[in-house]
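Peer 1: Encoded as structure tokens, here's the structure I'll be asking about.
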Amino acid sequence: MPSEERRKKIENTLRNNTEPVSATALAKTFSVSRQVIVGDIALMRAAGIKISATPRGYVINSEAEKSDNSYTIACSHDDKNMAEELYAVVDNGGTVVDVTVEHPVYGQIVGELRISSRYDVDLFMEKIKSNQALPLSNLTGGIHLHTIRCRDEEALKRIKEALRKQSIILE
């Protein structure tokens, strides 16, 4: 299959999936290497397609995600409280869209997360552990922002209260 045709099919695959799609899954679907997919994604981004990499794979950003039900919260915690922070959000009806830290040299650094269930939290934590990766918040002494999405103000109140009880939210 010609590379341009493959990239168009990758775009369609990402647009038609509500969940992230991994480079490995795309490589298998199109009978190419994972590295070819990574290159295709880079070319697609350069062409202006808004593709984000999450811990579980690629997604195409949609305007629907920037809905009125998105909120930014400031948090601070050490590594051992990361799972509890994420559980507090998802258990109370929220999705952790991303994490942002302010770096003194690079400015804002944003990591796409899209965590909406305990299962997602567990996968994310396992990925951190298996890759021996450090959370972005380690760059800022634990201080970071999250964009969260929830269906209404009541869910936001529950999330903030749960984080307040854990002394994680900064207010």
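For all residues, glycine too, the Cβ spot is worked out from N, Cα and C.
Pulled from TrEMBL, these are the listed features:
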- His77, Glu85, His144, His146: Ni(2+) binding site (BINDING)
- 6-58: domain 'Helix-turn-helix type 11' (DOMAIN)
- 73-168: domain '3H' (DOMAIN)
Peer 1: Based on DSSP, name the secondary structure state of His146 (Ni(2+) binding site): helix, strand or coil.
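Peer 2: SS state of His146 (Ni(2+) binding site) = strand.
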Peer 1: For His144 (Ni(2+) binding site), what residues in its own chain, 6 or more apart in sequence, show a Cβ-Cβ distance under 8 Å?
Peer 2: Ala74, Cys75, Ser76, Val99, Thr100, Val101, Leu136, Ser137
Peer 1: DSSP-wise, what's the residue breakdown of the domain 'Helix-turn-helix type 11' (6-58) into helix, strand and coil?
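Peer 2: So the domain 'Helix-turn-helix type 11' (6-58) is made up of 31 helix, 7 strand, 15 coil.
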Peer 1: Using all protein chains shown, find which of the binding-site residues His77, His146 scores highest when you count other CB atoms within 10 A of its CB.
Peer 2: His146
Peer 1: Taking only same-chain residues 6+ apart in sequence, whose CB is under 8 Å from that of Glu85 (Ni(2+) binding site), what do you get?
Peer 2: Cys75, His77, Leu163, Gln166, Ile168
Peer 1: Per DSSP, what is the residue tally for the domain '3H' (73-168) in helix, strand and coil?
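Peer 2: Final tally across the stretch: 44 helix, 31 strand, 21 coil.
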Peer 1: Could you please provide the mean pLDDT value for the domain 'Helix-turn-helix type 11' (6-58)?
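Peer 2: Mean pLDDT for the domain 'Helix-turn-helix type 11' (6-58): 91.
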